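Visitor: Please read through the structure below; I'll follow up with questions.
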Amino acid sequence: MTKYVFVTGGVVSSLGKGIAAASLAAILESRGLKVTLLKLDPYINVDPGTMSPFQHGEVFVTEDGAETDLDLGHYERFISTKMRKANNFTTGQIYESVIRKERRGDYLGKTVQVIPHITNEIQAFIERGAASATCGEPDVAIVEIGGTVGDIESLPFLEAARQMSLRLGRNSACFVHLTLVPYVATAGELKTKPTQHSVQKLREIGILPHVLLCRADRRIPDDESKKISMFSNVPEDAVISVWDADSIYKIPQMLHDQGLDRIICEELKLSPKDADLTMWSELVEKLENPKHEVTIGMVGKYVDLTESYKSLIEALRHASLHTSTKVNIEYIDSEEIETNGVDSLKHLDAVLVPGGFGRRGTEGKIAAIRYAREAKVPYLGICLGMQLAVIEFARNVVGLKQANSTEFEPDTPERVVALITEWYDRDGKVETRTEESDLGGTMRLGSQRCPIKPGTMAEEIYGKDVNERHRHRYEVNNRFVPQLEAGGLIISARTPSEDLPEMMELPRSMHPWFVGVQFHPEFTSTPRDGHPLFKSFVEAALANKQARGV
């Protein structure tokens, strides 16, 4: 039978519940347990697909095509279990399901209320998510509840967790509470009152945490831990200090050294083998002792909030691990390039243009791509970055001066990138979409395997085929491909069913390393294995730096 660990947060958001939950999962997995994770988001949106990256951060896409919270990316990077749509749900999905049942008559005329109907539905979603784990029936399901204790939006989720713990019985569920212990510089000390009040809030709704994870900018002294223990009614050894680290991959060892996994296993009456965190210590060793160093420029419009590119940043870090190369990322605002030109790019070893939506900043990205192509600087374009690379090539090499995407210029005569009007859904039916279709849930999403053209750089990187995740509604227009290929551009991978361009590259006779991909390879990169595309990109950046004698 699956046992549950509920992870809650207090005082403020963005303390790192997702990293803490993923780190605990990594330790338990190293002890031989089958582990899955779920993220419960209290917002009313059905999914984060149409939310601004400035508000929500990155949207992580699962293999089965779900648009989910970025914490699911952390989960996949820390454990071997792949996430699915059922691993993330929102208040919007819960209410949508309950209202659908009410309309269908499932409640037999009863008054539908938050308790019991909403809370019962939350419990059903949790158990369904755990049961659908790709690892088989998990020994432990770690459930991260978004928001903070005291938020009105989180109350139904906390109440559902309390009810579920009571229903499952002793030693079947436990609670881990992550809270802030701020350092007040004027007083010269850590303050425990916010943590005490946060735990009191939790106890008011009937939840007594078994473990406190105390976030601070430094290790919490023993006397402060004793104070927290006494006022929170949590055993002293279960008050665990979680201080700022320069790498998230140090957190599993930090938590294990303080006995978090032992406490959880004792509470849930589990007797697994001892933890083996050798892999994590080796990763940290590689991170801290690189042999080389490169600087890669990431040109985008969300550069002020790096959470928007969380998986991409981590994928570059993974590549640094597997190439013994420290990767410095410079975030460059594409709108500044539109104003000031490309001088800010001239010291870079490589240029990367990530995915994005909307017209703002696109001409700056195109200028950056042109610079990378003409200066022979390694270039990687992801999703929109590939589309803009094709537009740049069409304008400046092929001579299609009005080449553009209908996303930015609906009336452009040279629609090099256009909306895919006919899509195949998962049942194989054709669905026609237009520019007026709803935005939510209307993208090409999830994994798709594609054959790769022999003799290309793509084949050197991936092999005979590529299986990556997608999130887009625009594609390179096949009508212009013959002209692009006549100019030298290579379409190196296509979808087998719709024949859509998936990868493009320039031959080495034109450029040493210039690749665009319509998919999002960053979603499948892990610290354990890295990713072949990002490893090749970092190696190309290093070769460029060495060739320049820098």
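Placement of Cβ uses the backbone N, Cα and C atoms for every residue, glycine included.
Keep in mind that what you see is a predicted model, and the values were worked out from it rather than measured.
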Visitor: In Swiss-Prot, Ser14, Leu15, Gly16, Lys17, Gly18, Ile19 are given as binding ATP, so which of Asp71, Asp106, Asp139 is in that site too?
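Guide: Within the candidate list, Swiss-Prot flags Asp71.
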Visitor: For the L-glutamine site that Swiss-Prot gives with Gly356, Leu384, Gly385, Met386, Gln387, Glu407, which of Arg473, Arg479, Arg494 also belongs there?
Guide: Arg473
Visitor: By Cβ count within 10 Å, point out the most packed of the recorded positions listed: Leu15, Ile19, Cys383, Leu384, Met386.
Guide: Met386
Visitor: Sorted by position, what residues of the same chain at least six away from Glu144 (Mg(2+) binding site) have a C-beta under 8 A from it?
Guide: Val7, Lys17, Gly18, Ala21, Leu37, Leu38, Lys39, Leu40, Asp71
Visitor: List, in sequence order, the residues of the same chain other than Ser14, Leu15, Gly16, Lys17, Gly18, Ile19, Asp71 whose Cβ lies within 8 Å of the centroid of the Cβ atoms of the recorded ATP site.
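Guide: So the additional residues around the site are Gly9, Ala20, Ala21, His74, Glu144, Leu178.
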Visitor: In the structure shown, with every protein chain counted, which of the binding-site residues Ser13, Ser14, Thr195 has the densest set of Cβ atoms within 10 angstroms of its Cβ?
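Guide: That would be Thr195, with the highest Cβ count within 10 Å.
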Visitor: Between Asp71, Glu407, which of the binding-site residues has its C-beta surrounded by the fewest other C-beta atoms within 10 Å?
Guide: Glu407
Visitor: Round to a whole number and give the Cα-to-Cα distance in Å for the pair Glu407 (L-glutamine binding site) and Lys193 (CTP binding site).
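Guide: Glu407 (L-glutamine binding site) to Lys193 (CTP binding site), Cα-Cα distance: 51 Å.
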Visitor: Which has the fewest other Cβ atoms within 10 Å: Lys17, Lys191, Lys193, Lys227, Arg473, the binding-site residues listed?
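Guide: Output over binding-site residues Lys17, Lys191, Lys193, Lys227, Arg473: least Cβ neighbours within 10 Å is Lys193.
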